Amino acid sequence: MMNRASLCRIAVLLCILHLSHLIDSTYAQSYLTEKDFLAPLYDDDAITLSDDDFDNARKLSTEMVNSQKKRRVLSHQKYYRGDIRGRAAWTSKLKSGVRRNGVTSVIKRWPNGRIPYVISSQYNERERAVLARAFQEYHSRTCIRFVPRTSFDQDYLYIGKIDGCYSDVGRAGGRQELSLDDGCLQYNTAIHELMHSVGFYHEHERWDRDQYITILWNNIDKDAYDQFGRVDLTESSYYGQAYDYYSVMHYDSLAFSKNGFETLVAKRPEMTAVIGSAIDFSPIDLLKINKLYNCPAPNTIDISQISGNGWQGGGMGPRAPLPQVNLPLPPPPPLPTNPAIAIVGECSDRTNLCWRWLDRCRSYFFEKIMKEFCALSCGYCVPTNAVSKAAPAIPLQPTLSIAEGPEGPMPPLYQRFG
């Protein structure tokens, strides 16, 4: 005879068998499907640009695309991280790592100039149109092609609102992030970040940059020193092109300033106002892209398209003059003179930075200061008594040598980067 314990075990087994028949087969068994295996290959919110997006891009007027402030958002992001991140930023911090103006490694280039991409579904219609416009300009002026990603593309760009404006440089491998967050969706910012992805660092990081610009270390925040490194000439090429003040890859003169004073000053004084102000590719930008990817395009600039008004090629609008052409910058349009506060007698500006602050001339908070330092530019002078040019500007802070920082010799890391 079976004891009570055995009977209890049999009863439990019978209950389990009975319950198993009551459970639906979909819950009793679960198998991995083809969809489960493919899911990790896709981003949850990823989409691609549609034909409607490209149609909207064509409708964007040149004035609308170009009516934007200078692209200072890139060089004034929080935490001094700059707009180069990912493997490129990590490599630049290694002991043996160096930055390069244009990548020379075949591995870093996108095969045949084909760049698979997806974008975040968070972008609205206007933002997608700006992205599509940037893609169109690459397609029409270079052999670079941004194409929707397929399941066969392991290396691709994911463009999303991640954290500010940044990109890796060249083809990094796998899912490669390019962030164009709120505030970054401007045409010039988009082509700048995409040019990083194509394979280019900043123009002011060229190895020969000290022949063309001066770094004012006294005005740079310590945490941003590595944003002013130099590229390694032995491992890269400038593709036979001169230093390009007009490049869309150049930072502005106030980049990473800790005190509002200039950090980058051009050796040619009139170029200080030019650097970092590009709203489109320069002719040299396009030449370097086409040379890097062996595009079936001319390797020289068509001189017939150069006039006194600058580059007249196709695309977004007027092009900047060639760097070799020394054209004076046009003076800012004079503001209406206010008779009630007009300054009688000899009148002039007391600083060479007034052109940057013209929007503050009639500000309630800044009017008194602007009247004191920028009377001529702000239109506070009586026209008959105004002098024709500004008074001697307040001198900039002294320039330090390449191996010096604002507080003496720079650490080895910064000496290595320039």
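Each Cβ is built from the backbone N, Cα and C atoms, and glycine gets one as well.
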Disulfide-bonded cysteine for Cys361 as listed in Swiss-Prot, from Cys295, Cys347, Cys378, Cys381:
Cys378
Candidates Cys8, Cys15, Cys143 - disulfide partner of Cys295 as recorded in Swiss-Prot:
Cys143
For the disulfide involving Cys347, grab the partner from Cys184, Cys374, Cys381 as Swiss-Prot records it.
Cys381
Recorded disulfide partner - Cys184, candidates Cys15, Cys165, source Swiss-Prot:
Cys165
Pick from Cys15, Cys374: which one does Swiss-Prot say forms the disulfide with Cys354?
Cys374
Anything within 10 Å of Cys378 (disulfide bond)? Look among the recorded positions Cys143, His196, Cys354, comparing CA atoms, and list what you find.
Cys354
DSSP-derived helix, strand and coil totals, residue by residue, for the domain 'ShKT' (347-381):
18 helix, 4 strand, 13 coil
By the count of other Cβ atoms within 10 Å, pick out the sparsest of the binding-site residues His192, His196, His202.
His196
Going by DSSP, is Cys165 (disulfide bond) part of a helix, a strand, or coil?
strand
List only the single closest residue to His196 (Zn(2+) binding site), chosen from the disulfide-bonded residues Cys165, Cys295, Cys354, Cys361, Cys381 by CA-CA distance.
Cys165
